[in-house]
Amino acid sequence: MSASDSDIPAAALAREHASMPGDESKVKVLVVCLGNICRSPLAEAVLKHAAAQRGLGDRVEVDSAGTAAYHTGEEPDVRTVQVCKENKIPIDHLARAVKPRDFLEFNYILAADRQNLSNLTRMKPKGATAIVKLFGEYGDGKVIDDPYYGGMHGFQKAYEQCLSYSNGFLDAVVGETPKAHGKKAGQL
Ligand code: 4NP
């Protein structure tokens, strides 16, 4: 959270946001984990790629952030970069912390696990407009386990979950399936 944002009262943030020109045709999504170097930059990259593959790149805007600030400014973890490379997913992100303004600027804030979901619920300013939920609710309802202290297997599993939840999100919220673009459901 930046010092300037944390100093802005929630009501003032809400008023400022209400007066900002918004692009109603876009769905803005923020994916959140703890450090914003492993799971959420992976989820951001996978969701962006899945949207682009459906021809929805212009309609879905994706960013990611962490509920903790200790990796601010860092590139994604090398294992996140590796799993993206193996799956031909472009990734380009520098870690940042969640800030109060995010709850007004994004339509959806999707948490990787329940700890981060409860942190987000606590951070939510009054007047927040974002829908805050578990990313896994767009799939099997599971959490994306923290892969930081493990090996590549955890990152591969996180990638598969991100792919499933991204497609679930696009199906549910943006309403077009890969089939509509000549591909089988679930296939990127
Ligand atoms: P992430 O993973 O929340 O998926 O980015 C972690 C990254 C760093 C740490 C923990 C989890 N850490 O303790 O530094």
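Cβ atoms are placed via backbone N, Cα and C, with glycine included.
If you check TrEMBL, you get these features:
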- 27-172: domain 'Phosphotyrosine protein phosphatase I' (DOMAIN)
- C33: active site, nucleophile (ACT_SITE)
- R39: active site (ACT_SITE)
- D146: active site, proton donor (ACT_SITE)
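In this structure the alpha carbons, written CA, of the residue listed as 'active site, nucleophile' and R39 (active site) are 6 Å apart. Distance between Cα atoms for the residue listed as 'active site' and D146 (active site, proton donor): 7 Å, as a whole number. The residues of the domain 'Phosphotyrosine protein phosphatase I' (27-172), classed with DSSP into helix (H, G, I), strand (E, B) and coil, number 63 helix, 23 strand, 60 coil. Long-range Cβ neighbours of the residue listed as 'active site, proton donor' (same chain, at least 6 residues apart, Cβ-Cβ under 8 Å): C33, L34, C38, R39, A112, D113, G154.
The Cβ neighbour count for C33 (active site, nucleophile), using a 10 Å radius over every protein chain in view, is 30.
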